[in-house]
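Feature annotations, courtesy of TrEMBL:
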| type | residues | note |
| --- | --- | --- |
| ACT_SITE | HIS704 | active site, proton donor |
| BINDING | LYS19, ASN120, TRP571 | 5-methyltetrahydropteroyltri-L-glutamate binding site |
| BINDING | ILE441, GLY442, SER443, ASP609 | L-homocysteine binding site |
| BINDING | ILE441, GLY442, SER443, GLU494, ASP609 | L-methionine binding site |
| BINDING | HIS651, CYS653, GLU675, CYS736 | Zn(2+) binding site |
| DOMAIN | 4-313 | domain 'Cobalamin-independent methionine synthase MetE N-terminal' |
| DOMAIN | 436-758 | domain 'Cobalamin-independent methionine synthase MetE C-terminal/archaeal' |
Amino acid sequence: MVLSSVLGFPRIGANREVKKAVEAYWAGKLSAEDLIKAAADVKKSSWTSLKERGVDLIPSGEFSLYDHVLDHSAAFNAIPKRYQGLGLSALDVFFAMGRGRQADGVDVPACEMKKWFDSNYHFVVPELSEETDFKLLYNKVLAEYKEAKEIGVVTRPVVLGPISYLVLGKAAKEASPNFQPISLLPKLLPVYKQLLSELKAAGAESVQIDEPILVLDKGAELDKQYAFAYAELAPVSPKIMLTTYFNRLDSNINFIAKLPVAGLHIDLVRAPQQLGEVLAAIKSTPIVISLGVVSGRNIWKADFAAAIKFAQTAIAALGADRVVVATSSSLLHTPVTLASEKKLTEQQRDWFSFALEKAAEVATIAAVLSGSQDPKVSAALEANKISIAKRREFESTSDDAVRKRVAAITPDMYDRKSPFAVRKEVQAKHLNLPRFPTTTIGSFPQTKEIRTARAKLGKGEISQAEYDEFIKKEIELVVKFQEKVGLDLLVHGEPERNDMVQYFGEQLTGFVFTQNAWVQSYGSRYVRPPIIVSDVSRPTPMTVRWSSYAQSVSSKPMKGMLSGPVTILNWSFPRDDVPRKLQSQQLALALRDEVLDLEKAGISAIQVDEPAIREGLPLRRSDWDEYLQWAVDTFKLSTAGVTDATQTHSHFCYSDFGDIFPSIQRLDADVISIEFSKSDMKLLHTFKQYGYSNQIGPGVYDIHSPRIPSEAEIIERLKTTLAIIPDHLMFINPDCGLKTRGWKETEASLANLVAAARWARANA
């Protein structure tokens, strides 16, 4: 019999209950007890929904109020000293690590965040040193296993593996110069042994241990650590399903096949080519293979015929009892349910599958493979066949004008008219900015009033003209504030934008939008990715009106704000029937038109943000060159058409750029702004190593935390930065956009930023 499995489930709630409860707790409007109850209700709903859909192996323990990696750090006592001894509850320490805290005499910044592999999910990076004293403060995984069992749902607990946890961590400031987190493995394993033995004693038959770093090149360097760790864990643990996702194992399968684990999960959506090699490696072992044949990363309906073919290949090699049908990864990256979407057309609904629908898909595929005679299973199989055929028919159509325009791209369209040194002199005269010019990344607080006005427009309670007048007033407010506080290069604040990708998708052809398809990005920050369904083009200008209006109410230069082609692609659900390169080229041409229209309208600085360019980097180094070539080229395609006088900007955040720094240089943006403060300004070492010829704005404070940085704190960051970056290339700006912040903290933080810039002009 073939079993079905889901590796993880969205923890936001069908109606974003967790976000609402967590933010109410932060605001002091909800007790800790009520927050825990709200979380329990969401978990119960998820477990029962998966059981109702026939899933055999239901996950537990992966739920989080903020981030699952942070859960491990908090449970394992990997809590940096700055969060200890503050008189905070364990829950408040947890949240302080995730988002910082500045209240009741406590002032601590947040831990660093990074992107979870090549996804748009952010995890909180463990800070580790020789002094880290691992111990199991509480067994969250065990508690949730029991919680599910009490309501009649038997689950398979999920744990982030010890080696991945350590490798994803970083050396704390107090660590010795050559310290490597993986050296703590002998100290960490007793904690895992305790956690797993307690699960086994509670009756858990199997446990899913996620080791996603096995799909990275660095996994090959850790074969001895894996052999040591799992030899220690296997005797005390429930049966271990070693779980990988997002890419292929390559040669790592050679040592994985020798580990004392009961099962191995592989991702066949992202890396279908690995199946034969994996089957050959484990055939002579007792290892069960879990096949990730239903996408945990995209929203397209699974092709049952293709999934069944993969599974039949595995069954032929191993037998049905050694095969599990599963989602490719956790469904954390997908919306909860298609049932919440009331405005999609019947055709569109037939294309998609969200988390609950994907759970039903894996159950159906497993049932077919197990020889089920249930008429409902047969009907689902036939319906899927018809659905996939209809979608393929739709995909065969294309927009000839768009395809011809892509085919007509010439090499000269990727390059600016003059080199940066020439442009810099022209722009200096044109913009007349001071030394250490100050600016922001683009967005200003999205207040309750803005969200209410947008909702009223959507419901038809106010007219478009009334809404437009409201937006004008909001833009004026933001512009006048920037003038008052003393910023040099202004922005219009983006009050009209719901999201930095959705806003553009709504004005481009080729996109479909949802009402409630929310996905967690980090903490309580959720996004609603648009879906690319066909060729993309720009019917009319998208941002010119509001940027032009903002420029009309100020004599200071105004910066136009756009999201870049790679970021729009990566932060949407992309097509899976055409290459990502083609989709990015189409987006770049649409943005090129917008950039040129902004320039014609008198906007002299234009920012095309690419925070997702590093995120989209393939996980295997051998795949990098092709991606970086087209990713950088499409950014350049979108920006290179302007004159020398127009200053192009781009923004990057929460990613390791050291490995791809030459490609960042090749973007040839006049100014880049990069997150520095949250990552302990470690990118300075990258700049020191490679150098950077164009202008740069290293973020001087973390906007994802509600705390207000002092002027002295920002000055200290500037001093450190100026030791490496020449003053004539420096901009001063926050880490990221201010959309999620309140006005009070925004005003105070930017006032301190401007004051620090004045210090730099007087002292540097």
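Here the Cβ of each residue, glycine as well, is placed from N, Cα and C on the backbone.
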Inter-residue C-alpha distance, TRP571 (5-methyltetrahydropteroyltri-L-glutamate binding site) and ASP609 (L-homocysteine binding site) (nearest angstrom): 12
Cβ contacts of ASP609 (L-homocysteine binding site) (under 8 Å, same chain, 6 or more positions away): ILE441, GLY442, MET500, MET561, LEU562, SER563, GLY564, THR567, SER650, HIS651
Confidence summary (mean pLDDT) of the domain 'Cobalamin-independent methionine synthase MetE C-terminal/archaeal' (436-758): 92
Residue among recorded positions GLU494, CYS653, GLU675, HIS704 with Cα closest to the Cα of ASN120 (5-methyltetrahydropteroyltri-L-glutamate binding site): CYS653
Spatial neighbour of CYS653 (Zn(2+) binding site) that is closest, considering only the recorded positions LYS19, SER443, HIS704 and their CA atoms: HIS704
Inter-residue C-alpha distance, GLU494 (L-methionine binding site) and HIS704 (active site, proton donor) (nearest angstrom): 18
Site extent for L-homocysteine (largest Cα pair distance over ILE441, GLY442, SER443, ASP609, Å): 12
Candidate nearest SER443 (L-homocysteine binding site) in space, where candidates are the recorded positions LYS19, GLU675, HIS704, CYS736 and distance is Cα-Cα: CYS736
Where the record names LYS19, ASN120, TRP571 as binding 5-methyltetrahydropteroyltri-L-glutamate, the maximum Cα to Cα distance in Å: 20
Extra residues within 8 Å (Cβ to Cβ centroid of ILE441, GLY442, SER443, ASP609), L-homocysteine: THR440, VAL491, GLU494, MET500, MET561, GLN607, HIS651, CYS736, GLY737, LYS739
Spatial neighbour of LYS19 (5-methyltetrahydropteroyltri-L-glutamate binding site) that is closest, considering only the recorded positions GLU675, HIS704, CYS736 and their CA atoms: HIS704
Cβ neighbours of HIS704 (active site, proton donor) where a neighbour is any other Cβ within 10 Å: 21
Integer Cα-Cα distance in angstrom, CYS736 (Zn(2+) binding site) to HIS704 (active site, proton donor): 8
Among LYS19, HIS651, which are binding-site residues, the residue with the most C-beta atoms within 10 angstroms of its C-beta: HIS651
Integer Å distance between the CA atoms belonging to HIS704 (active site, proton donor) and GLU675 (Zn(2+) binding site): 11
